[in-house]
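Structure first, commentary second.
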Amino acid sequence: MLSRKGIIPEEYVLTRLAEDPAEPRYRTRERRARFVSKKGNCNVAHKNIREQGRFLQDVFTTLVDLKWPHTLLIFTMSFLCSWLLFAMVWWLIAFAHGDLAPGEGTNVPCVTSIHSFSSAFLFSIEVQVTIGFGGRMVTEECPLAILILIVQNIVGLMINAIMLGCIFMKTAQAHRRAETLIFSKHAVITLRHGRLCFMLRVGDLRKSMIISATIHMQVVRKTTSPEGEVVPLHQVDIPMENGVGGNGIFLVAPLIIYHVIDSNSPLYDLAPSDLHHHQDLEIIVILEGVVETTGITTQARTSYLADEILWGQRFVPIVAEEDGRYSVDYSKFGNTIKVPTPLCTARQLDEDRSLLDALTLASSRGPLRKRSVAVAKAKPKFSISPDSLS
């Protein structure tokens, strides 16, 4: 029997599975458009860009950013066009030298065995991909042919370097590593050390670590300045805590990242009722680090809308000790349980700490009352009758 530590108390009941597939996908009320999707994609469409030529100043990045069908099309067409272009050059050299005229075999040709455009095209492929010459080869008769041979080899090497490098960068892009960095589907707000905290869980499915991992969080909401200026996407950085202080994390096992809602937090006036009808609140979480195996910087992103924040719940433990090592149960990665939490804003809690004292007293009496009621209702396993004593 495996020894386990950190078993969930029996009085707690699992209330929500964060990855519950049965949750309805469509809602009756209209939701605010996300700035960042749950998978980390930025929901921004760029329109009316006048200076399109700026993209051509960085051709390599433009090719890497293209979709795979477009990249493969450019990859194929670049080689085909270069072969056809130099095939035309070889055909013109043979035509100018008179190598295409039938019945004249006394002159030494510039390139042997070129009698048509098809043979010139085959010779162009043989030169550029260096698969070796067959019956066609360059002679010493035409210095121009030797120069074209050198130019085509250099151009072929440049095309290989650019296109193969582009394909390699697309297959080794950093966002591929981010597919195994996961966030909890829901965030929670509950008490920790007597303060309301915004919490989420983050984990890494791979054994290879993320070096120098840091996590940041921003609140994006629509605001209006005192001068009447409407800012549709006002971004505010808020500090995150991971139990040891600072933004750096050691992501060897899933961690609960939390933000203390204090007077400097944009969530200071957030109430439980605001989570059901708040349309302008979006919390963006960014995890960034260096991939241990490749050394490439990767970034994983997600966001939480107001209705994706659970008030008065916390994440269940998923790390247990088994046979001298720690085991992580990812099936409970998004599970939460209800815990006593004041139904007020952090500002109201700071102004009236008696709410916290009353909550602490009620929670301490709760388990005792449950046990006393259970003992009172329990039936004895056996009874002793007076006749048996006589």
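Note that Cβ sites are derived from N, Cα and C of the backbone, with glycine treated the same way.
It should be emphasised that the depicted structure is a prediction, and the values quoted were computed from it without experimental measurement.
Here is what Swiss-Prot says about this protein:
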BINDING   Thr130  K(+) 1 binding site
BINDING   Phe133  K(+) 2 binding site
MOD_RES   Ser385  phosphoserine
MOTIF     130-135  motif 'Selectivity filter'
TOPO_DOM  1-65  topological domain 'Cytoplasmic'
TOPO_DOM  172-390  topological domain 'Cytoplasmic'
TRANSMEM  66-92  transmembrane segment
TRANSMEM  143-171  transmembrane segment
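For the recorded site, Thr130 (K(+) 1 binding site), the DSSP three-state label reads coil.
Per-residue pLDDT, averaged along the topological domain 'Cytoplasmic' (1-65), amounts to 63 for this model.
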